[in-house]
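Asker: Sending over a structure as structure tokens; questions will come in a sec.
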Amino acid sequence: MRIEPITGMSRLSMAMLFLISLVLAAAPRTAVVEAVVVQGLQMGYYNHSCPEAEQVIRDVVEAEVSMDRNIAPGLIRIFFHDCFITGCDASILLDETPAGDVPEKESSANGFTLVGLKTIDVAKTTIEAMCPRTVSCADILAYAARDAAVAAGLPSYEVGGGRRDGTHSRMDDLPGNFRCPATRCRA
């Protein structure tokens, strides 16, 4: 059996194999999920106008979840409830509306258990002190839900920014569009 010398092409193949192995060995062990960005949303939306926004929200969520693990699912639930009725516009956070309607958050369909509202308030207050009238409540809620999922042990993923805050929130929009917490599913 004769051993052939390594040629230029096989050297290149060996070098590529070595580089790929090196990259894979150095890659972080956590998974990053690629998120599909909704039209109009943009990754890094606040990079210039409020560069610390996402980190501040992450820090607030992590601090709150470290004190009360129920905050994580509560934030995810608030985000779901907000997006389900009129889109992800933070309308669930409104205490009052220009029309004087009773807001969504007062509906029994929410189970009166919107755990995590204080966390959103802390994040918004902190960001407003840094970057007044810049970061929407809708984006704060979306980032907080992502950070809550990560704090609960799920893989991190990117969230686009650029949502606009709603000004319309009506408790009457929920019945028929949203099931009460006590509703049972039939198999």
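Just so it is clear, glycine is given a Cβ too, placed from its N, Cα and C backbone atoms.
So TrEMBL says this about it:
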- HIS81: active site, proton acceptor (ACT_SITE)
- ASP82, GLY87, ASP89, SER91, GLU104: Ca(2+) binding site (BINDING)
- CYS50-CYS131: disulfide bond (DISULFID)
- CYS83-CYS88: disulfide bond (DISULFID)
- 40-187: domain 'Plant heme peroxidase family profile' (DOMAIN)
- 1-25: signal peptide (SIGNAL)
- ARG77: site 'Transition state stabilizer' (SITE)
Asker: Using C-alpha positions only, work out which of the disulfide-bonded residues CYS50, CYS88, CYS131 is nearest to ASP82 (Ca(2+) binding site).
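Answerer: For ASP82 (Ca(2+) binding site), the spatially nearest of the disulfide-bonded residues is CYS88.
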Asker: When you rank ARG77, HIS81, GLY87, ASP89 by Cα distance to CYS50 (disulfide bond), which of the recorded positions ends up on top as the closest?
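Answerer: Going through ARG77, HIS81, GLY87, ASP89 one by one, the Cα closest to that of CYS50 (disulfide bond) is ASP89.
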Asker: Identify, in sequence order, the residues in the chain of SER91 (Ca(2+) binding site) that are 6 or more apart from it along the sequence and have a CB within less than 8 Å of its CB; answer 'none' if there are none.
Answerer: ASP82, ILE85, PRO103, GLU104, GLY166, THR167, HIS168, SER169
Asker: Output, ordered by sequence, the same-chain residues six or more apart from ASP89 (Ca(2+) binding site) with a CB under 8 Å from its CB, or 'none'.
Answerer: ASP82, ALA138, ARG163, ARG164, ASP165, GLY166
Asker: Taking the Cβ of CYS88 (disulfide bond) as the centre, how many other Cβ atoms fall within a 10 Å radius?
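Answerer: Here the count is 22.
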Asker: Per DSSP, what is the residue count of the domain 'Plant heme peroxidase family profile' (40-187) in each of helix, strand and coil?
Answerer: 72 helix, 4 strand, 72 coil
Asker: Within 8 Å of the Cβ centre of ASP82, GLY87, ASP89, SER91, GLU104, which other residues of the chain have their Cβ, at the recorded Ca(2+) site?
Answerer: CYS83, ILE85, THR86, CYS88, ALA90, ILE92, ALA138, GLY166, SER169
Asker: Whole-number Å distance between the CA of the residue listed as 'active site, proton acceptor' and the CA of GLY87 (Ca(2+) binding site)?
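Answerer: Checking the Cα atoms of the residue listed as 'active site, proton acceptor' and GLY87 (Ca(2+) binding site) gives a distance of 9 Å.
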Asker: Quick one: Cα separation, GLY87 (Ca(2+) binding site) versus CYS131 (disulfide bond), in Å?
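Answerer: GLY87 (Ca(2+) binding site) to CYS131 (disulfide bond), Cα-Cα distance: 25 Å.
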Asker: Give me the Cα-Cα distance between CYS83 (disulfide bond) and ARG77 (site 'Transition state stabilizer'), rounded to a whole Å.
Answerer: 10
Asker: Have a look around HIS81 (active site, proton acceptor) and count the other CB atoms within 10 A of its CB, chains all included.
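Answerer: A count of 20.
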Asker: A 10 Å Cβ contact count, applied to the binding-site residues GLY87, GLU104: which residue has the minimum?
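Answerer: Each of the binding-site residues GLY87, GLU104 was scored; lowest Cβ tally within 10 Å is GLY87.
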Asker: Measure from the CA atom of CYS131 (disulfide bond) to the CA atom of CYS88 (disulfide bond) and give the result in Å, rounded to a whole number.
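Answerer: Cα of CYS88 (disulfide bond) to Cα of CYS131 (disulfide bond) measures 22 Å after rounding.
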Asker: What is the number of other Cβ atoms found within 10 Å of the Cβ of ARG77 (site 'Transition state stabilizer')?
Answerer: 19
